[in-house]
Amino acid sequence: IEIYSLHVDCKVTSRFAHTIITSKIVNRDNESREATFEVELPKMAFITNFSMSIDGKVYPGIIKEKASAQKEYNAAASRGQSAGLIKITGRKLEQFHVSVSIAAASKVTFELMYEELLQRQLGKFELLIKVGPKQLVKHFQIDVHIFEPQGLSFLETNSTFMTNELTEALTNVQSETKAHILFKPTVDQQKVNPELYETLLNGDFVVRYDVKRAATAGDIQIVNGYFVHYFAPREMPVFPKNIIFVIDRSGSMTGRKIEQTRDALLKILQDLGPEDHFTFITFNSKVVEWKSSLLQATAENVASAAGFVQTLSASGGTDLNGALLTAVTTLDGAKRLPERSVSMIILLTDGQPTSGESNVEVIQENIRKAVNGKYALFCLGFGFDVSYKFLEKMALSNGGIARRIYENADAALQLQGFYQEVATPTLMKIEMQYPENAIEGLTKNNFKLFFEGSEIIVSGKINSELDVLPVEIKAQSHTGDLTLKEEANIKEKEQVFQNQSYIFGNFIERLWAYLTIQQLLEKSISAQEEDQKTLEAQALELSLQYSFVTPLTSMVVTKPTGQQQMELANKPTEAG
């Protein structure tokens, strides 16, 4: 079985990435063989199309509602259940895998299409393309086209498998608003060494970039009546933070986990600003406060905290409820905190609650009532014994996010990396306002916090005959209340994309649908049951309308007669 052509074609238009992977395979044997198509794609992406064409006959993947696809599959599956075509394979990736039997001398072309909205993290956008053909490929090519009307402020490409020879196969042509990155290694350049038929191409091919930002009220782009508004203010003063670290030291944290937690906390202590206030609460079956109140991050207090962190050891049960309630009480009773400051609780745990209150639903409700919108709660789940679903619901119900920390050698770096993302809040209570009667289907437009290096994105449909779209942003900054105003000339904005030949015309509409689905799914995690059904129904309708494989839809892949007739591609979620 020979892959004679593999082409990755990625077009990024204003953060929205549209990727098509085409693999052409021939069976050089004189009997039937299994041809496999295996692609790793970002977890945040939605597959939007897949097809196999075998000797000129096309077998398309059809996207349907999950339950009805499963029903259809169960009826057709005579030869046992298959494992499904998509599984999570790493921190950022999931794998799509399909095999088909092809006759001697036959050819098959696989084509997979997926889309994702790139999220700005720590000041850059990252486009990740996973490469691993497992054999030398005669025609191998990666094309990345980027068009950012705001202009590119920097762009870098790196990969985990580059050699000097392979660097010669990489070109980058760049103008102020566009870049075309082409990677086209010959068969010889792909070889580990001239004698062996082994390929070097195995790993990550990454493009990172950021855009120029001039307007204070962000940047608005409009295509076919849909708009997207990007807001990432620069050089704003950072709010002082009041942080309580709530650290699990139950028996399961023993050994490497508690060591890595100590290492990370020691580094994080060094990063606290002089205006920040902090304290630690550790818990097993007992809840222990390091101090009874928050302390200012003076050199002396930080040194004293470092001494405490070095003594952390692990044993006993897990009273997560008690620990979090203690944290809320401590923040409620805090005196002498800076008037304009951001209060947050960062929880790190590696297991299920076993001591005190252990019913997760009761805990979620207790914490939601106690926090009552006053503070942001971030939940870090260490390893795979935690109920990620529980942590995610708790974080999202309290203005924060959840993250999984993987039990690898770099766990301490993962913890520090997460802290850096939330270490620099520059705005709070951000309201993005648009003319009420002129916009429909507006995505989320109120945000609790904005962190330096991230980006706020709002999208919607302009439903009236406006010439100008007025925008008003209200927010609180460290120095005072802020109001920013901007007007976008709709005709001028539409013009920007009209003469760009390689852009797909309705990309902002698809971006709007993608963002709306992601937000509906996220909202449904922390919603009450009846609201959950409504949110999921809306997300399902959009998933089907725009043909996205989301956790609510399945793609049904049919195969030629005589093989397992049908397989399902279901999108996995972090919560399992």
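Using the three backbone atoms N, Cα and C, a Cβ is placed for every residue, glycine included.
Annotation comment: TrEMBL describes 1-116 as domain 'VIT'.
Look at TrEMBL and you will find 242-422 tagged as domain 'VWFA'.
According to TrEMBL, the coiled coil annotation covers 518-545. Taking the coiled coil (518-545) as a whole, pLDDT averages 95 in the prediction.
Residues 44, 46, 63-65, 117, 389, 392-393, 396-397, 443-444, 551-553, 575 of the same chain lie 6 or more positions beyond the ends of the coiled coil (518-545) yet place their CB under 8 Å from a CB of it.
Taken through DSSP, the domain 'VIT' (1-116) splits into 11 helix, 74 strand, 31 coil.
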